Amino acid sequence: MSNRKYFGTDGIRGRVGDAPITPDFVLKLGWAAGKVLARHGSRKIIIGKDTRISGYMLESALEAGLAAAGLSALFTGPMPTPAVAYLTRTFRAEAGIVISASHNPFYDNGIKFFSIDGTKLPDAVEEAIEAEMEKEISCVDSAELGKASRIVDAAGRYIEFCKATFPNELSLSELKIVVDCANGATYHIAPNVLRELGANVIAIGCEPNGVNINAEVGATDVRALQARVLAEKADLGIAFDGDGDRVIMVDHEGNKVDGDQIMYIIAREGLRQGQLRGGAVGTLMSNMGLELALKQLGIPFARAKVGDRYVLEKMQEKGWRIGAENSGHVILLDKTTTGDGIVAGLQVLAAMARNHMSLHDLCSGMKMFPQILVNVRYTAGSGDPLEHESVKAVTAEVEVALGNRGRVLLRKSGTEPLIRVMVEGEDEAQVTEFAHRIADAVKAV
């Protein structure tokens with residue numbers, strides 16, 4: 001990939017008020033994107049956002065920039081990221097733009113683009129937008145300026161799309177479900193989808209105020225959901241993150257069910273229904289228990305680099321239809337073009353309803369291995385600790401001790417001078433000791 005100035009692996013992201021997430025930058029980004037995308041045709045762009053207070057400011061800036069370039073904006077209001085991908089496809093819009101920083105705190109925000117088919121913008125288009133950013137803004141003739149309008153039925157359209165991924169012959173009428181929307185973009189979508197499919201729904205994290213997105217709620221912090229599931233004696237809980245592209249579940253005993261377990265359930269059900277084409281894609285962080293459980297079922301498994309973008313790339317390379325990260329990004333290419341928390345959750349609920357099994361029992365075929373993660377800070381510029389002979393020697397010793405019933409993964413953080421030491425195996429005490437032994441070797445360098 002070329003050395004781009006603004007676009008990262010997941011669009012442009014940062015703290016609001018600091019470059020690049022400022023009104024003037026975002027206005028220019030809208031204009032530059034408009035100039036590039038106007039070369040292609042429909043001249044309309046879908047703009048969605050999550051529930052952050054800064055979304056109002058940033059969507060206005062984007063709209064002004066797009067209008068100056070001669071493109072019209074269609075606003076969805078607060079809407080999950082996968083909903084914007086879906087609406088971009090169905091409206092045949094030139095692109096979709098999501099204003100969100102996903103699972104980050106409210107004071108961060110970001111801009112992410114989808115192309116006309118609901119997939120990520122090609123690198124070449126992002127590079128063309130960056131090149132346009134270097135130019136002075138110029139306005140099209142007044143008669144050519146873009147307009148702005150709202151898609152008044154955006155939520156209803158997406159609710160119907162989600163429901164259509166759940167089999168008609170099944171119902172959720174037997175289930176009591178606690179849903180946690182992270183005070184984010186799914187707050188007016190997910191409870192309605194589940195209720196319309198017959199579930200008894202208790203909703204939490206559905207009162208966004210602009211600053212409480214992801215705050216002690218949602219997929220990145222399921223403690224409130226676990227407590228409520230137990231208090232309500234519910235059958236299960238479902239948590240989404242701030243922009244609705246991740247899902248984490250909780251069984252009736254309050255146990256967390258992560259993206260690895262969710263993918264296992266969906267892949268096994270696909271196999272049972274004769275609908276699984278090929279295998280499943282996880283990441284370097286996917287639990288070894290997932291790999292072994294899929295192997296027992298005869299389902300091929302491949303690991304991609306961490307990041308839903310890389311999972312999708314590996315799925316496309318293999319021609320497979322299902323992929324997931326343990327953080328709850330689940331991509332089902334038979335249903336959607338991108339990670340969709342609501343759609344993934346519905347496939348697990350369908351497996352429960354069809355088999356008359358609890359979430360707890362559906363997970364029982366997969367034994368999760370203890371996975372210990374230790375972060376070790378090192379001095380930036382002091383060389384690569386992973387290349388040091390002493391670290392390599394200790395790592396090799398641990399790998400021999402674990403044999404084929406465990407894994408060691410050492411990787412550098414992409415954002416700060418940290419080495420992430422992950423050790424996985426069947427015995428938690430042994431795995432913990434091994435992880436700290438490697439961490440100590442890294443510290444000693």
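Keep in mind that glycine also has a Cβ here, set from the backbone N, Cα and C atoms.
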To which of SER72, SER102, SER390, SER413 does Swiss-Prot also attribute binding of Mg(2+) at the site defined by ASP241, ASP243, ASP245?
SER102
Non-site residues, in chain order, whose CB comes within 8 A of the mean position of the CB atoms of SER102, ASP241, ASP243, ASP245 at Mg(2+):
ASP50, PRO80, THR81, SER100, HIS103, GLY184, ALA185, ALA219, PHE240, GLY242, GLY244, ARG246, GLY341
Rounded to the nearest Å - Cα separation of SER102 (active site, phosphoserine intermediate) and ASP241 (Mg(2+) binding site):
7
